């Protein structure tokens, strides 16, 4: 083991533990300009900076009741420097509510040479300098998304290794510059595979990821894991939440060290309600679970809100109420106490799956 110790060592551990506070989770609001444009177009709103700012202000200035269910918000670079209509930086709004600002630092995926359409994530060049700039701007954690797919021969060992080591290099660079790295090896739900295949692939990918993190001397106590839940493929028959929970927790038990403070699941195209119900089932599983099991949801926290808002100022209160409903549901799910929604809002049961999803 290396004798290297980041000057941010204690701060990293404290911030990772804070983000993993039981009952709280992360709002992923780090969509690229192109991706948020697709969200806005779905409600017939033009993708211009003023509308993106208005949506983010709606999200970040929701009532304190909403913010009490969050410990972190992941921002896109544009958003890190944006302000409310009254001129207050979003970073200050979040900090005053006790919510840590985070930042997406990867530059998207590119095809991995020598594979059948598999990808690797770019963005390591200049990452240290960017992390220092983001830390100075108020960010305290970061996100990097690696993407793997399940197929007849995928993911290949080459793809698993390349993505695991990319995540590890990103993680140690973040820690050297004061940012808690969220490690996100997402296995896409695309395909007709059953849950057993997803479980086996998830275990392989997570095992390789933690081997790489160890090789790079990453401080695990100062990291978070953002994995997929273990589910059947999008074209396969669905299974009960209890089955998803059993396979998901087992995969984590077999691969994720107890030193990791929290696992914050991605929603992976599940509907808002489906993601909450499955997270609740995961937290109801008995047995060894040394990590907080929480959420880092984007689409699965925002869909009802978008529908309620529709780009209209007069709908902001209704949209924030919808956001509060989903945030409260997911907070309860992290504690295993969510009872399900008796009256689902518009969009809450709508599948959010997009094939070959790009953030």
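Glycine residues also receive a Cβ, built from the backbone N, Cα and C atoms like all the rest.
Straight from Swiss-Prot, the features:
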ACT_SITE  184  active site, proton acceptor
ACT_SITE  226  active site, schiff-base intermediate with dihydroxyacetone-P
BINDING   52, 143  substrate binding site
(message) For the C-alpha pair, I'd like the distance in angstrom between residue 52 (substrate binding site) and residue 226 (active site, schiff-base intermediate with dihydroxyacetone-P), rounded off.
(response) 25
(message) I'm trying to understand the geometry here, so how far is the Cα atom of the residue listed as 'active site, proton acceptor' from the Cα atom of residue 226 (active site, schiff-base intermediate with dihydroxyacetone-P), in Å to the nearest whole number?
(response) 5
(message) For the recorded positions listed here (52, 143, 226), tell me which residue's CB has the most neighbouring CB atoms inside 10 Å.
(response) 143
